[in-house]
Amino acid sequence: MNPETRYTVREDVAVDPAQQESLDHREDFPNIRHHIARQFANLWTKESALRRLPVLQWAPTYKLNSLISDIIAGVTVGLTSIPQSIAYATVANLEPQYGLYSNFMGSFIYAFLGSVKEITVAPTAVMALMVQQPVLNLGPAGAVLLSFLSGCIMLLLGCLNFGFVVQFISMPVITGFITAAAITIISSQLKSLMGISSSGKSSGFVDTWVNLYENIGETQLWDSVLGFSSLFILILLTLIKGRGKGRWKIFSKYLCLLRNAMIVLSGGLIAYICSTQDKYPFRLTGKVASGLPPLNPPPFETDHEGKHYDFIDMIRTLGSSIISVPLISILEIVSIGKAFSRGRLVDATQEMISLGCCNVASSFVSSIPTTASFARSAINSSSGVVTPFGGVFTGALVLLALGLLTDYFYYIPKTTLAAVIIAAMIFIIEYRAVAEMWRIKRIDIVPFLVTVVACLFLGLEIGIVVGIAVNLCFPLYLASRPRITHRIMKIDGTTVLIVRPDSDLAFSSAEYFREKILKLVTSTIPDIVLIDGEWVKFVDSTVVKNLSSTVSDIKQQQRHVLLWRWDKNVRNALYRFKKDKFMPLFRNDESAEKVVENWKPGFLNDSFINNV
């Protein structure tokens, strides 16, 4: 038998040594069919069912005490949610009933699919602001279709297990976006707070202030008095929440929880009393359509301002909001879920699926896009909610209001709704987060400020993309500048330069790595350059080519190069590029002294072959 012949598992079939060597160093591609089959198999497991239907986790142990707690929390949230939803409809340039249409279906769906018991799905100020332009261009049909499309996108991302995407959006960017959105919303409500009836409806920060400046002379005295008084009371009630001791502490807590409902009801009562005397000192909400919304599919074509839009036209008109609205919705619900998780892991994928279902279902009852509300989720938490089932009672209260109370909404002054929105936005701005960034890592202020400025002057959709792009520059820069340590050793009279990168190498760091080594070689003039790859587990083709050039450049300077402790996958990649060039360079000895001791220039011993 030929001694150089190697054998496979079948001992009767000989394999050529060169062919076997190529097989040893080939790159194995993942078995995609096996991976897909495994994913589908996992869909039908008990663990998957419990994860995708959280109701199965808490329903078996649901008790009467839990039901009572959920009823109290759900009704409390509903009393706050009803006036806020009407107010957010005005932010979106829609009739008030659309705010209520958006406030019950999501609560019902999330009660069974949601994984965070505190979260309340409803229209929010940010979502209302982001649908202003679609409403201006397409009317209510634009907002409803956007809700359907956003839900479909979120549902698709959730089914594809894309929950990891939110990890690429950092806290400074989220904080900057929320801050800019709050400032924009506050600015847009100043007009209503002061009773200005200008027709300007632009959602832009700059245009809002220009419009306010041009129409400041139309300020109404009594609207301003009622609006600023309501705002002062709301802020005061928020600040005294939970302060004091004993009964006063409990009283102040619940007084604060009901502050929005109290202010809206008080303003409506004052306006109604004035109307009985034929006096109308305030701009009123006006007639709110009573009854439940019709159950219809979302509009795939519409007529607005004398122009017909088919589905393609509507998609073209909605533009980037089709992407930005679901992105912001996901960010809000995941960030709010983390805020209330109390150490529990938040399944971002499950939140995508649940929120997607909420928006798709809500679009059949004329809803605008919805997401988690921080203010109402906080109320839900402080009210002692036990399970997501509390949302059912919030939704039921909204339906009750639609059926029985809409006639009374006519007298609600717009200035009190503006005060409710502004008060909520003042406390949504994350002042503490900004202070923490300044104290912990001041460089984080840069993406925060960039996001705020971009959102204010370029719009929320473009602004958050700019903020994400700027923030990603930081990790990309760090990846392109890996930490490279070096030391000089004298071994048996030989000067050895040991260079070690402390992380994986990718195309962005390839040239930097090459330049760093060549500069060290030039400055230290060693006999042997020992490149230690202990921490390098991945390289791409750009790094392989640059490393080949580096070896050639060092050899041209009449110096020897050895590659020490490189991972098998990296060695295989270098081997596949230039076998004859790299094979003699690899060493796996236990120490640098052993490398130099066992190494002989121009000679490849048997121990080296075994190491490789």
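Numbering starts at 1 and runs along the chain as displayed.
Using the three backbone atoms N, Cα and C, a Cβ is placed for every residue, glycine included.
Bear in mind that TrEMBL entries carry predicted annotations, made automatically and left uncurated.
Under the heading transmembrane segment, TrEMBL lists 108-131, 143-166, 173-190, 221-242, 254-273, 314-334, 385-405, 411-433, 445-478. As annotated by TrEMBL, domain 'STAS' applies to 496-599.
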Cβ-based contact of the transmembrane segment (254-273) with the transmembrane segment (411-433), 3 or more pairs under 8 Å: yes
Positions on the same chain near the transmembrane segment (385-405), where near means CB under 8 A and six or more residues out: 54-55, 58, 62, 65-67, 69-71, 73-75, 77-79, 81-82, 85, 97, 100-101, 103-108, 110-112, 114-122, 290-293
Secondary structure composition of the domain 'STAS' (496-599) [DSSP: H/G/I, E/B, coil]: 58 helix, 18 strand, 28 coil
Interface present between the transmembrane segment (314-334) and the transmembrane segment (143-166) (three or more C-beta pairs under 8 A): yes
Interface present between the transmembrane segment (108-131) and the transmembrane segment (173-190) (three or more C-beta pairs under 8 A): yes
Listed stretch, out of 108-131, 221-242, 314-334, 411-433, that has the most CB pairs under 8 angstroms to the transmembrane segment (445-478): 314-334
Positions whose Cβ lies under 8 angstroms from the transmembrane segment (108-131), at least six residues beyond its ends: 52-55, 77, 81, 84-85, 88-89, 91-92, 99, 102, 142-143, 146, 178, 181-182, 184-185, 188, 203, 321, 324-325, 328-329, 332-333, 336-337, 340-341, 346-347, 350-351, 353-355, 357-358, 361-362, 367-373, 376-381, 385-392, 394-395, 421, 424-425, 428, 460-461
Long-range environment of the transmembrane segment (221-242) - Cβ separation under 8 angstroms, sequence gap at least 6: 192-195, 249, 252-253, 255-256, 259-260, 263, 267, 270, 281-283, 413-416, 418-420, 422-423, 426-427
